[in-house]
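Copied over from Swiss-Prot:
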TRANSMEM  33-53  transmembrane segment
TRANSMEM  77-98  transmembrane segment
BINDING   H83, H182  heme b b562 binding site
BINDING   H97, H196  heme b b566 binding site
TRANSMEM  113-133  transmembrane segment
TRANSMEM  178-198  transmembrane segment
BINDING   H201  ubiquinone binding site
TRANSMEM  226-246  transmembrane segment
TRANSMEM  288-308  transmembrane segment
TRANSMEM  320-340  transmembrane segment
TRANSMEM  347-367  transmembrane segment
Amino acid sequence: MTNLRKTHPLMKIINNSFIDLPAPSNISSWWNFGSLLGVCLIVQILTGLFLAMHYTSDTMTAFSSVTHICRDVNYGWLIRYLHANGASMFFICLFLHVGRGLYYGSYMFLETWNIGVLLLFAVMATAFMGYVLPWGQMSFWGATVITNLLSAIPYIGSDLVEWIWGGFSVDKATLTRFFAFHFILPFIIAALAGVHLLFLHETGSNNPSGLCSDADKIPFHPYYTIKDILGILLFILILTSLVLFSPDLLGDPDNYTPANPLNTPPHIKPEWYFLFAYAILRSIPNKLGGVLALVLSILVLAFIPFLHTSKQRSMMFRPFSQCLFWILVADLLTLTWIGGQPVEHPFIIIGQLASILYFLLILVLMPITSLLENNLLKW
């Protein structure tokens, strides 16, 4: 009699995805972030569900309902901070996952990569709307500033903004619809992640060398299940340490002040994981130009497979490309720092230079360097 996990229609899918899946024998810990992102999504959906049971999406009561969760609900403070810091962990894992894909040439799996870019946009949209829900000062003004950017779109801009707001300013209608979208999007993300995996399993995983690994495959279970569990344990350790010791480390103190449309905070800034894109937005004096640069800062990832000029897939054996990759990482950290600084000298010029370098590296320098390395192979 054949094993049930190999014959049962549902078990068969699980078996082919997580048990008998042939995986390259040499994939490093950088391949752990896919499973960690799955854990992040599960943590966010569960904590979010319990928060939604006590939250009210009304401008009059939203702030006090969050306070009520933290003070009166059993372990409400824990659920709230797990959700808030879980979002930060989500983005740390996302950035590392994308970075891994860039370094090792995983973007050559076109469908998987494009759905990944779509997932990144969806997670960013979800996080932005979630930040609006506590209805603190930074929630309100962040929502006002970012949604107002759509007014830069020619002809339909101002109508589009009023349509999204559900009125002439960010108000009750905006908060209610943001709550509805914030609730539904994670389930759409989960479905997209399933498609992401589906396309990945069509080709099989990439590996650090970037070479075909068909000749040397091992079963996913037990080798990579145990490896993923180790990653998950470390993830839980970091998340719980953050939640229990310094839950407000990555948040903004302004969000502990209830939203006041009559009082603008001195520095409006988003959560830390959007600061690099925010710095790129601010570095362009023109409003429409800034919005285009903001969108392109993420959308540029979709162009990367077409800018791959190297004969080798991975950067493992390409020292010049490695240098440029780490310059790109440093540049993104610089942009993140600049995004949190006030708009004044010398931060303006640093932000503009870092923004130019960001696009220059991805669109020009990396493809040219790859061509140079191809010629070096002939020596």
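Cβ atoms here come from the backbone N, Cα and C positions, even for glycine.
This view paints the features noted in Swiss-Prot onto the structure.
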| residue | record | contacts (Cβ under 8 Å, 6+ apart) |
| --- | --- | --- |
| H83 | heme b b562 binding site | Q44, T47, G48, L51 |
| H97 | heme b b566 binding site | F33, G34, L37 |
| H182 | heme b b562 binding site | G48, T126, M129, G130, L133 |
| H196 | heme b b566 binding site | T112, I115, G116, L119 |
| H201 | ubiquinone binding site | N16, S17, L21 |
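By number of Cβ pairs under 8 Å, the transmembrane segment (288-308) is matched best by 113-133 from the list 77-98, 113-133, 320-340. In the three-state DSSP assignment, the secondary structure recorded for the residue listed as 'ubiquinone binding site' is helix. Using the rule of three or more Cβ pairs under 8 Å, pairs at least 6 apart in sequence, the transmembrane segment (77-98) is not in contact with the transmembrane segment (347-367).
Most Cβ pairs within less than 8 Å of the transmembrane segment (320-340), among stretches 33-53, 113-133, 226-246, 347-367, belong to 347-367.
Below 8 angstroms of C-beta separation, residues 279-280, 282-284, 293, 296-297, 300, 303-304, 307-309, 321, 324-325, 327-328, 331-332, 334-335, 338-339, 341 of the same chain, each at least six residues beyond the ends of the transmembrane segment (347-367), sit close to that stretch.
In the three-state DSSP classification, H83 (heme b b562 binding site) falls within a helix.
Same-chain residues lying 6 or more positions outside the transmembrane segment (178-198) and placing a CB less than 8 Å from one of its CB atoms are 17, 37-38, 41, 44-45, 48, 52, 55, 57, 112, 115-116, 118-119, 122-123, 125-126, 129-130, 132-133, 143.
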